[in-house]
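Colleague: What TrEMBL records for this protein is below:
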type: REGION; residues: 1-28; note: region 'Disordered'
type: TRANSMEM; residues: 37-57; note: transmembrane segment
type: TRANSMEM; residues: 63-84; note: transmembrane segment
type: TRANSMEM; residues: 105-128; note: transmembrane segment
type: TRANSMEM; residues: 154-175; note: transmembrane segment
type: TRANSMEM; residues: 275-295; note: transmembrane segment
type: TRANSMEM; residues: 315-336; note: transmembrane segment
type: TRANSMEM; residues: 386-409; note: transmembrane segment
type: TRANSMEM; residues: 415-438; note: transmembrane segment
type: TRANSMEM; residues: 450-483; note: transmembrane segment
type: TRANSMEM; residues: 503-525; note: transmembrane segment
type: TRANSMEM; residues: 563-580; note: transmembrane segment
type: TRANSMEM; residues: 600-622; note: transmembrane segment
Amino acid sequence: MGTENSGTVEISEPLLEEPSKIPESDSENIPDWKEQITIRGLVVSAVLGTLFCIITHKLNLTVGIIPSLNVAAGLLGFFFVKSWTGFMSQLGFSVKPFTKQENTVIQTCVVACYGLAFSGGFGSYLLAMDEKTYNLIGPDYPGNRAEDVKNPGLLWMMGFIFVVSFLGLFSLVPLRKVMVMGYKLTYPSGTATAMLINSFHTNTGAELARNQVGRLGKYLSISFCWSCFKWFFSGIGDACGFDNFPTLGLTLFKNTFYFDFSPTYVGCGLICPHIVNCSVLFGAIISWGILWPLISQRAGDWYPADLGSNDFKGLYGYKVFIAISLILGDGLYNLIKIVSISVTEIFRNSSMENNIPLVMEVIGGESSRLELEKKKRDEVFLKDRIPFWFAGSGYVALAAISTATMPIIFPPLKWYLVLCSYLIAPALAFCNSYGTGLTDWSLASTYGKIGLFIIASLVGSNGGVVAGLAACGVMMSIVSTAADLMQDFKTGYLTLSSAKSMFVSQLVGTAMGCIIAPLTFWMYWNAFDIGSPESPYKAPYAVIYREMAILGIEGFSELPKHCLALCCGFFVAALAINLLKDVTPAKVSQFIPIPMAMAVPFYIGAYFAIDMFVGTVILFVWEKINKKDADDFAGAVASGLICGDGIWTIPSAILSIFRINPPICMYFGPSVRT
């Protein structure tokens, strides 16, 4: 869910130190940290940040699964700046060379920008406060009060993002040397991105990059044209067009099993690991194929038969709360696991540091070169220091501003609760960053849910829903941005980029995101019927997060019959599945599904699982036919499909704002004998 990566990227230790990835010519001419941040780089970052925010919002408001776009950011950044420098050179202008350090700064800036589209809660905790979500749950539902409603507003959302998003950047800056150089954490996604950027800036890598960009552009165009073509048949409402094509028959269509021809979801299937896509499909089969049809047959016994489709006292309640149980079970297990691993590794590394001599004799040859390259990286990384006093005073000042501001934006969230959150947040940010470095799995939303439950229960029924949701945002923003920053420090370390340029680009990217993320969400909010069950943009996690907050203050008393027992069963099942994955051999565990991925279709439907499975089948066949070609170009093709569909959202939103509707409604129904 979100940026909680659903699988690890396998990076072997020798690859980290492969000398061929860092040419000597690059290591001899490293630009100053100020030269690594350029005007053209910031312009490209703003353009790509806007595009990726649009894509992230679309995924957040539809299925909630967001693939990593770090590689796409590095690739598109390389393409845009290379195209610009080539064009200006042809016109006779003198241009500065495009370095891998500048490429890294662009990637960092873009990731910081679009990361706020996720951690900002525009598809989860912020949207859970709005009136539509309140009405969807029902005014008569215990704990769901009309007073606990705060509709989206552009200015207050920008203010909220500004006061909570920068603290995570200051919380762990003093520990960058310990995390990257001391513990030598891998940060697989950051390492993979660094290897990609390093390869771009060699002769052979530049050729591969051009081919990748060509593929990306080709499939971006195909995706954009296809999305445009689909629009003409989509009619008014949510029952027309290719998005409602009963590809597997009308019977399965009623249970949401159909292929809806979405380039975005097919692209997600190409870019996500096979086990994630198969887990999503497995969850869809269990829920929409078995569980919901069986529970529907108990209507009139387990729950009143005359309830609406969105009533939490009926089938809808089973869908939401069982999904919550799987998510919490998976999150709790991984939280305990990663914290345990982190503590163990910290003590183990401390013990090793006491026993291993600081100066090691290096015998010549390849080992000597590896050591020299490592020494060069260390020198560059430590050259431009970020003073401890600057980080500490920055965190204290921002925490003071946020503590004073948050109760103004969210009155039920008292200042002392905000202050307590900021006192414990650095420790949680360290745990999340350390765990991300070990496993590539960020548990930002899990830490957010912990804050949600604790604050909601402390505040109680008088404002606990809004206070809990706001506290979720505080915690989630800090631990998410801290992990992103440390991941980017690792990328910068491997590309010989200055730590100071990484930190500044994170600050700039976060500032961009504080403006771009709310603006792009506001476009969706005004153009589409966000949160409606009949809309393509159902915003599924808004309901789930509000229900979590209500659960924190009201308990389980109002759940439909046997719902609590089923929730407990699926919670335990999530723990057992994770334990089974950890204790079985790799050749077996690779086929065990991921509960977090299984939970997504329980509430949303099975249609996107079909699309993602189509993507994973394409990738599987491609890898069997030509694995090298698939490894080189699958990410570019996936990014093109996702970006093309995302770009079409802009003209689609403009048409919707001006009330220009599609001219045709393509509808499918059973044949009728005459």
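Note: Cβ is positioned from N, Cα and C throughout, glycine not excepted.
Could you place the listed features in the three-dimensional structure?
Modeller: Counting only same-chain residues 6+ beyond the ends of the transmembrane segment (37-57), those with a CB under 8 A from a CB of the stretch are 66, 69, 72-73, 76-77, 80-81, 84, 96, 102, 105-106, 109-110, 113-114, 116-118, 122-123, 264, 501, 504-505, 508-509, 512-513, 516-517, 520-521, 523-524, 642-643, 646-647, 649-650.
Distant neighbours of the transmembrane segment (105-128): 2-3, 36-38, 41-42, 44-46, 48-49, 52-53, 55-57, 60-61, 64, 66, 69-70, 73-74, 77, 81, 152, 157, 160-161, 165, 193, 197, 444-445, 448, 452, 469-470, 472-473, 476-477, 480-481, 484, 488, 491-492, 497, 501-502, 505-506, 508-510, 512-514, 516-518, 520-521, 530-531, 539, 541-546, 549; these residues of the same chain sit at least 6 beyond its ends, with a Cβ under 8 Å from one of its Cβ atoms.
Nonlocal intrachain contacts for the transmembrane segment (275-295), taken as residues 6+ away from its ends with a CB within less than 8 angstroms of a stretch CB, comprise 6-7, 65, 255-257, 269, 302, 315, 318-319, 322, 326, 590-595, 597-602, 605-606, 608-610, 612-613, 615-616.
Same-chain residues lying 6 or more positions outside the transmembrane segment (386-409) and placing a CB less than 8 Å from one of its CB atoms are 156, 159-160, 163-164, 166-167, 170-171, 173-174, 176, 415, 418-419, 422, 426, 470, 474, 499-500, 503.
Packing against the transmembrane segment (415-438) from elsewhere in the chain are residues 167-168, 171-172, 175, 179, 183, 185-187, 338-339, 341-342, 345-346, 395, 399, 402-404, 406-407, 444, 447, 451, 455, 458-459, 467, 471, 474-475, 478-480, 482-483, 486-487, 490: each is 6 or more residues past its ends and has a CB under 8 Å from a CB in it.
Cβ atoms under 8 Å from those of the transmembrane segment (503-525) belong to residues 33, 37, 42, 45-46, 49-50, 53-54, 57-58, 61, 105-106, 108-117, 120, 122, 152, 154, 157-158, 161-162, 165-166, 169, 173, 386, 481, 484-485, 488, 537, 649-650, 653 of the same chain, restricted to positions at least 6 beyond its ends.
Proximity of distant same-chain residues to the transmembrane segment (600-622), defined by a Cβ-Cβ separation under 8 Å and at least 6 residues beyond the stretch ends, is recorded for 1, 62-65, 247-248, 255-262, 265-272, 274, 277-278, 280-281, 283-289, 319-320, 322-323, 326, 538, 540, 543-544, 629-630, 634, 638.
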Colleague: Looking only at residues six or more beyond either end of the transmembrane segment (315-336), which have a C-beta under 8 A from one in the stretch?
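Modeller: Apart from its flanks, the transmembrane segment (315-336) reaches 1, 283, 287, 291-292, 295-296, 299, 303, 307, 309, 441, 443, 445-447, 449, 543-544, 547-548, 551, 559-560, 563, 566-568, 570-575, 578-579, 594-596, 598-600, 602-603.
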